[in-house]
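Student: Mind looking over this structure? Questions follow.
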Amino acid sequence: MIPYSEILLLIRSTAKNVNIAYANALALAGEIKDSGVANEMKDCVELLDHTVDALAKSQSVIENQNGEYYGTGNRNADLKAWSGAAYVDLETCIESFEGAKNLVKDNFIINLKQIKTQVSNLLGMVHDENGHNTKFSYLQQRYHKTPISAHVVVAKDGSGDFTSIKAAVLAAPDKSKQQYVIHIKKGLYKENVEIKKNKRNLMLVGEGMDYTIISGRRNFVGGWRTYDSATLIVGADRFIAQNLTIENTAGLNLAQAVAVRTDSDLTVFYKCRIKSYQDALYVHTGRQFYRECQISGTTDFIFGEGPAVFQNCTILVRNGHPKPYNTITAHRCSNDNVTAAFSFQFCNISADTSLISSGLESTYLGRPWRPTARTVFMQSYMSDIIRPEGWIRWDDSAPLDKLYYGEYMNSGLGAILGGRVKWPGYHVMDKHQAKQFTVAKLLDGKLWLPSTGIDFTPGLEID
């Protein structure tokens with residue numbers, strides 16, 4: 001077991017280098033004349049800012065072992081999650097420059113790759129033994145047991161404190177240790193909302209997914225990169241959304257158009273509708289839990305790298321014509337030591353009415369965005385829209401031995417296993433394997449979800 005003192009030395013060294021890279025990115029973003037490279041550099045500024053934050057949290061959890069910090073109370077689980085998020089942020093920054101030719105950019109990327117190696121080494125050092133911090137766990141549970149009531153109200157008709165969600169979010173306290181609740185009255189809110197990383201413990205509560213709707217239409221064809229196109233961007237830890245819809249209405253022919261992008265740890269979406277076509281939900285980084293949500297789209301409409309569990313959710317596949325088939329998930333895992341997977345448990349996978357009427361009901365559970373993708377479906381219902389093969393390649397050259405695709409005790413005509421792919425990375429899971437993808441194991445959910453007050457099943461059995 002590697003002592004924490006050695007891990008701390010590497011965190012400090014890495015954080016110093018990331019801060020230098022962040023300052024360089026900030027300067028370069030204003031100097032580069034090529035608009036495409038300049039915009040990508042601006043994305044890198046944000047990503048490196050998140051990397052700085054992840055490493056700062058990692059440092060604090062070691063230096064202040066019995067102090068109050070923004071985690072679960074399990075030191076090792078949090079170190080793994082935060083260093084993994086730092087790695088993914090660096091990877092996303094580097095990949096955003098693919099194809100761009102610029103000498104300044106090239107030197108910048110060489111530096112980032114060196115930092116990424118440091119973070120990879122950090123991931124390899126963090127052990128899996130229990131690092132539970134009893135004192136912090138007690139403090140965390142105590143300050144979250146206050147009744148939920150709205151601090152401010154958003155109303156389109158002017159009857160609340162704000163008429164826009166964006167204004168209410170900007171006015172919310174920074175780095176709050178208490179939950180701050182914004183109640184959003186029914187209405188169609190045509191705005192793009194960003195929850196920046198300093199807005200911790202923020203909760204958006206609507207009046208129902210049919211009544212409170214946040215709507216945007218940024219899209220790739222319109223000049224927005226996938227990373228920036230989301231209607232709702234969440235960068236702050238301990239965010240909760242409840243009883244509302246987030247949609248991107250860009251349309252089928254405008255390529256990537258994200259409804260929600262999440263870069264936040266310990267995040268919950270409860271009774272929410274997330275709706276778009278291609279790339280509806282971008283699970284970028286951080287431990288995320290989706291409960292009783294409705295998520296709909298066409299191509300790769302649940303994608304990203306962060307660990308996420310979807311429990312008791314309805315997954316609706318929309319009409320993707322003229323494409324010959326739809327794909328629900330596109331997971332990636334850029335480092336073997338990153339804890340990342342999509343897990344669907346007690347879900348219903350069915351066709352949207354638009355797909356039923358089209359007659360084009362050919363759908364796959366997923367395709368690997370990277371060779372080490374990890375996605376499982378457990379104890380869920382699959383309608384006959386799911387192809388017998390279940391899964392499909394990203395392309396003909398993609399290796400199939402490093403991914404992990406799994407199914408466990410599913411039902412419905414789409415869950416029949418006889419025609420499934422014969423890939424080395426495909427698994428019909430047993431109970432022991434399935435347990436690794438539960439809320440308790442994948443998200444450390446028993447340590448933090450009780451404080452949210454939202455129902456969850458920690459294991460394979462319903463209590």
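Note: Cβ is positioned from N, Cα and C throughout, glycine not excepted.
Grabbed the feature section from TrEMBL, which reads as follows:
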type	residues	note
ACT_SITE	D300	active site
DOMAIN	10-123	domain 'Pectinesterase inhibitor'
DOMAIN	151-445	domain 'Pectinesterase catalytic'
Student: Residue counts in helix (H, G, I), strand (E, B) and coil for the domain 'Pectinesterase inhibitor' (10-123), per DSSP?
Tutor: 93 helix, 1 strand, 20 coil
Student: On the 0 to 100 scale, where does the mean pLDDT of the domain 'Pectinesterase catalytic' (151-445) fall?
Tutor: 96
Student: The residue listed as 'active site' has how many other Cβ neighbours within 10 Å of its own Cβ?
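Tutor: Total other Cβ atoms inside 10 Å, all chains included: 23.
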Student: According to DSSP, collapsed to three classes, what secondary structure does D300 (active site) have?
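Tutor: In three-state terms, D300 (active site) counts as strand.
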